[in-house]
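> Handing you this structure, nothing more for now.
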Amino acid sequence: MSNKIADDRTSETDRDSYALADRAEEGKISDLEVGKAGSQPELEQGKLVDAVWGTIEGDGPNYRSLSWIKATVLQLKTQVGLGILGLPTAFNILGLVPGIIVIVAIALIVGWSDYVVGTFKLNHPEVYTVADVGYMLFGFWGREILGFAFWLQIVAVTGASFLSMSVAFNTITEHATCTVVWAIVAMVIIGALASIQTLSRISWLGWLGLASIMSSVITLMISLGVSDLAPPGDDWSINTQIAATPSFIDAINAVCIIIFSYAGTPNYFSIVGEMREPKDFTKSVIVGQTLMTTVYLIVAAVVYHYAGEYIASPALGTAGHTIKKVCYGLALPGLAAGGLILVHTAAKYVFVRILRKSVHLSKNTPTHYAVWYGCISITSILAFIIAEAIPFFNDLISLIGALLGTLICIQTETYMWVWDHWRATNRGSKKWYALMAMNITFHFIGWFILVSGTYAAVVTIHKDFQDGALSQPFSCADNSGSN
């Protein structure tokens, strides 16, 4: 108990020190005032000493420069990308009303997890990734297991980004070259952009990516509303259902697709870790989660209403040959921006693990650059291998959502809250019991979805392979059709 109190006091001191250093950077206090603050162990004569990054000074990258607005944009771009392209398919499986209910429920559960990330960081400033949480909660093996799951999830989602970009290139160029070549082009573009060192410096790409994805899905919705999907001479109609009756396997796969669209939570550790004022993180989560869920509901419902069972995968290919090209052309910058944030986050996790507590971590030394660019390169290559080894969009995102998304977006964060509040001062109050019950319930919901969703994804992938419905690994074949 005494250690917990000491940690809380240290956290308060850290937050005050960070705020003072930020004010000094912005010229709101004098150097003399900063010098006085230097008596605190977290500050050295105008230099910020962060619990993760060490001493941050002028001759190195400033890893504590992210505003809450930029943090919100990065959260949105981390989430609103590949996931939104699978949501209409989930509605087609579940039906309109169950689809809306599942999106809202998952938004609330994962939104709580996002909030917990921020409060945990304030209580424990030394945490930078979910691997650090694993070490704090479970020791060496906790760090390695959660760290690997976190890294693998991001790399796998990056692979899905490469896959979607190869679909876009094939669509726009009408399969001008081998699909593997397009995946390599995507890897090079994303890897080069991801090598920018700080999240603050790539936040403008988040704005660009968000505008890109939104313009593509808005174009898709408008085109579906004003055009007829039916081929000339065919007698058929679009069927939409208020509530569908899918099999358990199909239903849980749809739920996992929706979870994937919210599975950016582990990236939030890095975002709050680079904010000027970590206490503003809750504000960014509320704004980001509200905007994100609103967009998801509108896009999924509108596209499903107009396309019904004829939704393509990814959804941008739904509205016919010409509009498909337009949609993918508009989406390309957004797909690249989402991929670069993922590569950047995965590479930085390894980068910090290698150089933590070293002077090379926050200084522009040859070692700093060699390790950083090495991490970017290895991450990009591994993501490319995943993209080509599992070259089918819906099955891949369903598997990622089930196997990795729930573990580090639901179970980990709910356990973090329980661990941090088990001996809280308000223990025994009605509020404490209510929040404890809520977190435990969310925790076991996550485990149920992990087990059943992974089983469902594996069964579906196996069936699709047997039916010949999937592309072969590392194939040059055109992947721009509905799959």
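Cβ coordinates are placed from backbone N, Cα and C, and glycine is handled just like the others.
According to TrEMBL, the protein carries these features:
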DOMAIN    65-455  domain 'Amino acid transporter transmembrane'
REGION    1-24  region 'Disordered'
TRANSMEM  90-112  transmembrane segment
TRANSMEM  145-168  transmembrane segment
TRANSMEM  180-197  transmembrane segment
TRANSMEM  204-224  transmembrane segment
TRANSMEM  244-264  transmembrane segment
TRANSMEM  285-308  transmembrane segment
TRANSMEM  328-351  transmembrane segment
TRANSMEM  371-390  transmembrane segment
TRANSMEM  396-419  transmembrane segment
TRANSMEM  440-461  transmembrane segment
> For the transmembrane segment (371-390), what are the same-chain contacts with Cβ under 8 Å, counting residues 6+ beyond its ends?
155-156, 158-163, 166, 180, 183-184, 187-188, 190-191, 194-195, 197, 342-344, 346-348, 350-351, 354-355, 360, 396, 399, 461, 473-474
> Of the listed stretches 180-197, 244-264, 440-461, which one has the most C-beta pairs under 8 A with the transmembrane segment (145-168)?
180-197
> Can you work out which residues elsewhere in the same chain, 6+ from the ends of the transmembrane segment (396-419), have a Cβ less than 8 Å from its Cβ atoms?
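Tertiary neighbours of the transmembrane segment (396-419) are 82-83, 86, 109-110, 112-114, 116-117, 119-120, 130, 133-134, 137, 146, 149-150, 152-153, 156-157, 159-160, 163, 252-253, 256-260, 262-266, 390, 435-436, 439-440, 442-443, 445-447, 449-450, 452-454, 456-458, 460-461.
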> Can you tell me which of 90-112, 180-197, 204-224, 328-351, 440-461 gets the most C-beta pairs within less than 8 Å of the transmembrane segment (285-308)?
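If we count Cβ pairs closer than 8 Å to the transmembrane segment (285-308), 90-112 scores highest.
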> Grab the same-chain neighbours of the transmembrane segment (90-112) for me: Cβ-Cβ under 8 Å, and only residues 6 or more beyond its ends, written as numbers and ranges.
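Same-chain contacts beyond the ends: 240-244, 246, 250-251, 253-255, 257-259, 262-263, 265, 285, 289, 292-293, 296-297, 300-301, 303-305, 308-309, 311, 409-410, 413-414, 438-439, 442, 445-446.
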> With Cβ-Cβ distances below 8 Å as the criterion, list the same-chain residues six or more beyond the ends of the transmembrane segment (328-351) that contact it, or say none.
74, 77-78, 81-82, 129, 131, 147, 150-151, 154-155, 157-158, 161-162, 164-165, 167-168, 171-172, 186, 189-191, 193-196, 199, 202, 205-206, 208-217, 219, 267, 270, 316-317, 371-372, 375-376, 378-380, 383
> Sort out the residues at least 6 away from either end of the transmembrane segment (180-197), same chain, that have Cβ-Cβ distances under 8 Å to it, and list them.
61, 158, 161-163, 165-166, 169-170, 205, 336-337, 339-344, 347, 372-373, 376-377, 379-381, 383-384, 387-388, 474-476
